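Enquirer: I'd like to ask some things about the structure below.
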Amino acid sequence: MAAPKVAVVGAGVIGLSTALCIVETCPSCSVAVLSDQFSPNTTSDVAAGMLIPHTYPGTPIHLQKQWFKETFSYLFSISNSAEASEAGIHLISGWQIFKNTPKEELPFWSDVVLGFRSMSEAELQKFPQHRFGQAFTTLKCDCPPYLLWLEKRLKAIGVQMYTRKVADLWELHSEYNVVVNCAGIGAHQLVGDESLFPVRGQVLKVHAPWVKNFIRDGDGSTYIYPGIYKVTLGGTREKDSWSLSPDPGTTKDIFDRCCSLEPSLQGAQDIKVKVGLRPSRWCVRLQREVLSQGGAKLMVVHNYGHGAGGFSMHRGTAKEAARLVGECIAALQGSSSRAKL
């Protein structure tokens, strides 16, 4: 058969990194990215891009650890390269703090990040409301620089980018051999996934260049994540809220909570408010499916539902999605060679 044509639907961090992995593992493919939104207008652009995993109840821990490890290794190598600045990737140290000692003092990812340890009494004095903490060094992707870096890499290797709203995966069956669904929260409508729900996140992006360390409340509700240009202050986790409008009361609440952890933030300037809808479900949907209509078939690979863990897992799940695309192509080539016989 001719060079297999693959469409990736969605241009957030999952879609772009999946497209890159497909080209890397199947160089003979012709790959296109289709999305109604590109950076800076994707959900990924709102994310802080911190590599601190969120746990998926429905995904085996060993798989989550593998995805995180692959993502961490990939970004760590970029952070050690001349492209680190353009890609917006840097190491960052800080603290995860708890009002009470958590049941799990060693999370599954503790030996993937660097220098993971319990905080000392002296360090905890900075946070008088908290009784336990963990100190470690992890990685942060600044968005949109990372998304723009991914787009640039894809264009350089011949991947086409099309601004297009896909209403039904089946509409692509005459143009593409394999379709990869990385539509994020859009998959709710695109494939009618009722188990996918939004978790609304409102964050503030502020200018506070003196803040160098991340601080994260262990429940994940309050966090301070310094980037190269801006500090992300958060946040909210509002299940089943579809509103993309910033709420002024929430903005004040986030700012006050973050100032209680880092009082110097009172001097932060140029406060911008962003809202995104995390595409959440019981587990990441990472699987093959064959759609059929009237005897015609379309190979589909799904890779969505990463919730708050998209950046922490993106490269690992993209590699797995690319492997599944390879299986689809092998099946198509097998059937076309049988047809010739």
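Cβ coordinates come from backbone N, Cα and C, glycine included.
Just so it is clear, the model here is predicted, and its values are computed rather than measured.
Below, the features straight out of TrEMBL:
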SIGNAL    1-19  signal peptide
DOMAIN    5-324  domain 'FAD dependent oxidoreductase'
BINDING   Thr43, Ser44, Val166  FAD binding site
BINDING   Tyr223, Arg278  D-dopa binding site
Enquirer: Give me the largest Cα to Cα distance among Thr43, Ser44, Val166, the residues the record lists as binding FAD, in Å as a whole number.
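Expert: Among the residues the record ties to FAD, max Cα distance equals 19 Å.
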Enquirer: Just name the most isolated of the binding-site residues Thr43, Ser44, going by other Cβ atoms within 10 Å of its Cβ.
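Expert: The binding-site residues Thr43, Ser44 were compared, and Thr43 has the fewest Cβ atoms within 10 Å.
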Enquirer: Same chain only, please: residues at least 6 beyond the ends of the signal peptide (1-19) with a C-beta under 8 Å from a C-beta of the stretch. Say none if there are none.
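Expert: Tertiary neighbours of the signal peptide (1-19) are 26, 28-35, 37-39, 42-44, 47, 141, 143, 146-147, 150-151, 154, 159, 161, 166, 169, 172, 175-184, 186, 190, 303-304, 306, 310-311, 314-315, 317-318, 321-322, 325, 329, 332-333, 336.
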Enquirer: Please report how many Å separate the Cα atom of Ser44 (FAD binding site) from that of Arg278 (D-dopa binding site), as a whole number.
Expert: 9
Enquirer: Report, in whole Å, the straight Cα-to-Cα distance of Arg278 (D-dopa binding site) from Val166 (FAD binding site).
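Expert: Given the Cα positions, Val166 (FAD binding site) is 20 Å from Arg278 (D-dopa binding site).
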Enquirer: Drop a 10 Å sphere on every Cβ of the binding-site residues Val166, Tyr223, Arg278 and tell me which sphere holds the fewest other Cβ atoms.
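Expert: Per-residue Cβ counts within 10 Å for the binding-site residues Val166, Tyr223, Arg278 bottom out at Val166.
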Enquirer: Please report the distance from the Cα of Tyr223 (D-dopa binding site) to the Cα of Thr43 (FAD binding site), rounded to the nearest angstrom.
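Expert: Cα-Cα distance, Tyr223 (D-dopa binding site) to Thr43 (FAD binding site): 18 Å.
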Enquirer: Where Thr43 (FAD binding site) and Arg278 (D-dopa binding site) are concerned, what is their Cα separation in Å, rounded?
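Expert: Checking the Cα atoms of Thr43 (FAD binding site) and Arg278 (D-dopa binding site) gives a distance of 7 Å.
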